[in-house]
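Now, the feature entries from TrEMBL:
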| type | residues | note |
| --- | --- | --- |
| BINDING | 68-73, 102-106, 126-127, Lys139, Lys148 | NAD(+) binding site |
| BINDING | Glu181, His244, His260 | Zn(2+) binding site |
| DOMAIN | 65-175 | domain '3-dehydroquinate synthase N-terminal' |
| DOMAIN | 178-320 | domain '3-dehydroquinate synthase C-terminal' |
Amino acid sequence: MSTTIPVTGPPPYDVVVGHDVLASVPAALAGTQRVAVIFAPPLAALAERVAALLTAAGSEPTPVPVPDAESGKNAEVLARCWDALGAAGFTRSDAVVGVGGGAVTDLAGFVAATWLRGVRWAAVPTSLLGMVDAAVGGKTGINTAAGKNLVGAFHPPAVVAADLDVLRTLPPADLAAGLAEVVKCGFIADPTILKLIEADPAAAQQLDGEILPELVERAIRVKAKVVSTDLHEAGLREVLNYGHTLGHAVEQIEGYQRRHGEAVAIGLVYAAALARHAGRLDDATVERHRTVLQQLRLPTTYRADAWPQLRAAMNIDKKTRGATLRFVILDGLARPATLEGPSEELLAQAYSEVAV
Ligand SMILES: NC(=O)c1ccc[n+]([C@@H]2O[C@H](COP(=O)([O-])OP(=O)(O)OC[C@H]3O[C@@H](n4cnc5c(N)ncnc54)[C@H](O)[C@@H]3O)[C@@H](O)[C@H]2O)c1
Ligand SMILES: O=C(O)C(=O)C[C@@H](O)[C@H](O)[C@H](O)COP(=O)(O)O
Ligand SMILES: [Zn+2]
């Protein structure tokens, strides 16, 4: 059983989520000759299954193993992927498939965006975070020493095949990290998500119940709607960056060793505190951020002495214009807004609510 959630584009494509969805990959890449299947070691068996489906459909898969997680999302690994495509003689009628968590699909999508200035690609997200967020919407890219995702391209996939069964092997901490982005969707657009988690936080993490699939579908619908309206982040899409200004700074100062979803959880509390200090958000909604994230055992605090480093790292956030920091905040539940150029005092006051 599966659900198809359309991203209306342009270009249009489907997010197919549920069980037995992998056949949608060869279907979406019909007519391609060679297909590079980019994967990290923990997902080697699934990558082989995808390759077998491509072979059965008449394509010629080339396996391209890459280092796991953030250690594969950099310029050196990107260049190795280009070399693999070059050695196999990839042309514009060929394609790429990314099989893995968000780090691998971000990398694979960027390989596809840059090879011959853009070839088709498909995403097979294998983490919760990848299914609800990273694989959807066409943001592809890599990290640099200066910051998270600083090099990349908007290059939407031909299909996203999210097979809920693959989540069975996902470590619980990675499942929880994915829920941070689901919570984000709850605060910016769909408060039912928050009610579902608050009513039964354990059920939100159980693969065999009905709650987790509903949360996945709801979060994908939030993202699909936003990116269908504003692929290139001219305005509306910025709401998906809620919690990411401080979150990305945490990841950068930790050398990309911290789970993205955990950093976003800390960043969500910071953004809520910032909104309150700016007089835009009530105490109860700020507190709701802490409680729902803590129910999922996600971090909501960070080292007090890290503030100078975090503050410097935030300067290179993609929403920054010149010297003006810009934050996504809330004016209320499901009422995302922008805060431009907050004072240093305000920034530090908000951090005092996160600092331990
Ligand atoms: N492009 C976007 O719009 C977007 C959105 C959100 C996040 N991201 C990016 O996504 C990345 C985070 O993604 P993530 O949380 O998936 O982390 P990740 O890709 O680093 O994966 C986390 C770990 O889970 C493992 N894993 C994944 N699926 C598994 C499975 N089914 N079974 C066993 N192990 C599995 C991975 O091998 C890895 O060790 C970050 O780089 C973030 O910047 C991008
Ligand atoms: O899709 C988006 O747009 C988002 O902002 C979703 C985020 O969850 C995601 O982490 C994204 O990669 C951040 O984008 P960036 O442009 O700040 O790197
Ligand atoms: Zn994110």
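Any Cβ shown, glycine's included, is placed from N, Cα and C.
Everything TrEMBL records as a feature, shown here on the structure.
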| residue | record | Cβ contacts under 8 Å, 6 or more apart |
| --- | --- | --- |
| Asp68 | NAD(+) binding site | Ala40, Pro41, Pro42, Ala103 |
| Gly72 | NAD(+) binding site | Ala40, Val66, Ala103, Val104, Leu107 |
| Gly102 | NAD(+) binding site | Pro125, Ser127, Leu129, Gly130, Asp133, Ala134, Ala135, His260 |
| Asp106 | NAD(+) binding site | Lys73, Ala134, Lys139, Thr140, Gly141, Ile142, Asn149, Gly152 |
| Lys148 | NAD(+) binding site | His248, Glu251, Gln252, Tyr256 |
| Glu181 | Zn(2+) binding site | Leu129, Val132, Asp133, Ala219, Gly261, Val264 |
| His244 | Zn(2+) binding site | Val264, Gly267, Asp317, Val328 |
Under the DSSP assignment, what numbers of helix, strand and coil residues are found in the domain '3-dehydroquinate synthase N-terminal' (65-175)?
50 helix, 32 strand, 29 coil
Can you check what DSSP calls His260 (Zn(2+) binding site), collapsed to helix, strand or coil?
helix
Running a distance check here. Ligand 2 versus the binding-site residues Asp68, Gly72, Gly102, Ser127, His244: which have CB less than 6 Å from one of its atoms?
His244
10 Å Cβ neighbour count around Val104 (NAD(+) binding site)?
31
Is any of Asp68, Gly72, Gly102, His244, His260 (binding-site residues) within Cβ reach of ligand 1, i.e. under 6 A, and which?
Asp68, Gly102, His260
When you average the Cβ positions of Glu181, His244, His260 for the Zn(2+) site, which other residues in that chain have a Cβ within 8 Å of that mean position?
Leu129, Asp133, Ala180, Lys184, Gly243, Gly247, Gly261, Ala263, Val264, Gly267
